[in-house]
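Student: Feature annotation from TrEMBL assigns signal peptide to 1-23. The feature domain 'Cadherin' is assigned by TrEMBL to 32-132, 133-241, 242-349, 364-460, 461-570, 576-669. Among the features that TrEMBL reports, transmembrane segment is placed at 699-722. Taken from TrEMBL, the feature compositional bias 'Low complexity' applies to 835-854. Residues annotated as region 'Disordered' in TrEMBL: 835-857.
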Amino acid sequence: MGEIGWNGLLVLVCVSLAAVTQGKTVKYQTFEEDAPGTVIGNLAKDISSSASSSGGSRTNFRMMKQFNSSFIRLRESDGQLTIGERIDRERICKHTLHCLIAFDVVSFSKEQFKLIHVEVEVKDINDNSPEFPRKESSLEISENTAVGTRIPLDFAVDEDVGVNYIQSYQISVNSHFSIDVLSRADGVKYAELVLMKELDRETQASYALELVAMDGGNPSRSGTTRINIKVKDYNDNSPVFDRNSFSVDLPEDAPVGSLLLDLNAEDPDEGLNGEVVYGFGNQVPPEIRQLFRVDRKTGRLTLESPIDFESKNTYEFDVQATDLGPNPSPAICKIVVQVQDVNDNAPEISITPMTSITAGIAYITEAAARESFVALVSTSDRDSGANGQVHCTLYGHDHFRLQQAYEDSFMIVSTSPLDREKIPEYNLTVVAEDLGSPPFRTITQYTIRLTDENDNAPVFSKPVYEVAVVENNAPGAYITTVVARDMDMGSNGKVSYKLADTYFMGSPISTFVSLDPASGSLYALRSFNYEVMKQLELRITASDGGSPPLSGSANVYVRIVDQNDNAPVISQPALHNGSAEVLLPRDAPSGYVITRVEARDADEGVNSELSYGLATGEPSVFSVNKATGEIYLNQVLSHDVDETLSVTVTVSDNGRPALTSTATLHFLIIAGSPPSDRTVYQPGGVGGGGEEAHAQWDLSVVIIVVLAGSCTLLLLAIILIATTCNRRKRDKSGEDSDSYGEKDTLERGRSHVADNPLLPLRMGLWFLPWAARMVRKTENYMNRKPDVMGVNHQFESNSSSASLSALWACTSECKVLGHSDRCWSPSAVRANAAPSPAPTLSSFSSLSKTASLPRDPHRRDNYYQAHIPKTVGLQSVYEKVLHREYDYVLVTPPRPVRVQEISDISIPVYTPTPTHCPNDDV
């Protein structure tokens, strides 16, 4: 196209100034068939020249995907538009007068995005010649055809539009015919053959005419067809329609078979010459014949197939009426069908994202500014009028809204700052609804995903880590693991760890520990020594992989735990090869402190507590204070002792295991007495051997004294009870028949018992033999039922052979383990117990413990648990009999005397104070 295309290029730039996301429309014009690469325009120049301010930042352009994007190329650096491939206007726009290629371009700089709507009008060139459907056609015209009769001819077709379309028709020169050029309702020009002079078949039976159709291009193009006219003998009357033309309005949803017109034509001739038949004209195209039908006999015009307003809204064709006579002359009636629109199409929604990787999903960075452009929503409705007007609404989240760009296009823009960590994805719903009645609605789901920005720094699980490591660890030992989390994604959320560049004890911290940058695991690079450093302070930084990276930090305190790894070091006396010489006066008295061994231990706590001892030497001669290390004489040296005495002193710490150092001391015996200011240990004094011995046997003595005291008190209590009971028995044996005396005796016994605070109720294992004898004596009475609830204990003396003379209530536990609280204070009686004689006063006075306790027969569990010292063997027996039924043994007294009233007797309980023995090593 070269010269024509470039010279004829007309650029119209229409820029509407608006906000950041306001749409702009730029219009260009170019000619079809321009060569690829032909420059159409430059968006950067055209926008900057029309905008109020162009801005100082670099602007890039990106074409949003469109159906016809291959025709136009966009250079993204400056927005230059060029022809992508040859444009055939007739192929993409057909007979449309204005042919537009519309697409959308996004200009962006930094975080600002602008939408530009570009419309390129493709101008027509005269590259198509008019063509007739037939190269040659034939007409038969009766010779009696009236002058002025019009005969429709084939109309030519030209793919071009405007001035390049058919502008005129011409017919070859002849004497009888001319043409009249007319225009249809849709603008198509056609020619009709007009008879200008009466025909005479006998003069000329046929005519050959050439019809030429010419367009208005420069240079003009033309097409020709040959018309062969045969003059026939005439049937002198032709049918006549009521009207020469009809216009019909037909709704597009009219059902098939609907009646459009009932045509009527009349012929005054008779017979076949007057019988009229109807049909489409010869020039009616097949499209019309498929949509409409004319009844041959009745002339009824009906709908043959469904019609669509959106495909075509006007149909124009001819219906002719012809008689059946020879040489008929048809009558023509022009029919125009206007299709009326009905709301039968739902709106269509097309969403084009600014950035998209997956269909149906738009991507936008979470750092996008407010009012940032996300996607373009284009709506269309094939209906017209109100039926084609579309209202668009966005639902789903208030972080996005619709903003009208132009006509039926809308932009999805952000309304507030976005945060992917809170909402990573938005599911929006676009609803397009037309204004028809009833309205049609289209719903489209659309997804917007946020791309991650590095806006979150790593955060440690805790700001301070405190760990302990035992000293003398192996190099490479694991210490701990720090953990930091980053809420971002991908490389922005990938955390790496690093030690802060600090120094400790003059060396870089990296020489003490190593840190795995990926896992955060901390390892020791050297063996730690508690005596050198007590604690190691680190600072660890966690950084993500974003650009720029963000970081967080945490402190790690590594506490070194002491081990017993240092043996005591003897500092005094000074040693040479592990030994030292010490002067010892021969006349030194017993207890004389010869020297003091001093040692120190580098460890701390228990590991540094020292104790001294003698490994070798004469223990009868020398002793050492375990705490102070002082070595002293146990006895006065004899005169025949050697001049040199040697001992080996050991110094041990209290670690586990204990470490020991030894030193050999050589005592050089010298003549004379010791200095008067030297320390001498006194027998029984504080410290020295007495103190050591006291420390050794103190705990054992305490335990022995406690046990002996307990046993003594128990024995005294038994003797006291036995003596008291025997004395009372002798004093009151003669007053058995006097109830008052019995009662008085009972009261005295009660007060006597109450006054005795040593009466034991919890019997120990010392009573087991006595209990066994008591059980054997009462076995004969096991199956009897007691009449009166009571408790009588009678101790058996070594010389007494008297039988039991009291009411006895004993439990199964007593039979096995000995008497306990349950014997002394029984808690229940049998419900079906029969009455029995009451015990006598002598029976009460002869008991070591007397307790006649009237009880509630319905309460069997009101008792005290027996607190009996239990060995392992007796524990199971005790547990077996603890919850069993009581067995009551009735022992008949020698002289039964009825007791008038016996009140409850309360017996004081003696509970020995428990002795706690310290758990010390002896």
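Keep in mind that glycine also has a Cβ here, set from the backbone N, Cα and C atoms.
Keep in mind that what you see is a predicted model, and the values were worked out from it rather than measured.
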Student: What are the DSSP helix/strand/coil residue counts across the domain 'Cadherin' (461-570)?
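Tutor: Taking the domain 'Cadherin' (461-570) as a whole: 7 helix, 50 strand, 53 coil.
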Student: Between 0 and 100, where does the mean pLDDT of the domain 'Cadherin' (364-460) sit?
Tutor: 89
Student: With helix taken as DSSP H, G or I, strand as E or B and everything else coil, how many residues of the domain 'Cadherin' (364-460) land in each class?
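Tutor: Within the domain 'Cadherin' (364-460) the tally stands at 4 helix, 52 strand, 41 coil.
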Student: Where, among 242-349, 364-460, 461-570, do we find the most CB pairs under 8 A to the domain 'Cadherin' (32-132)?
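Tutor: Highest pair count goes to 364-460.
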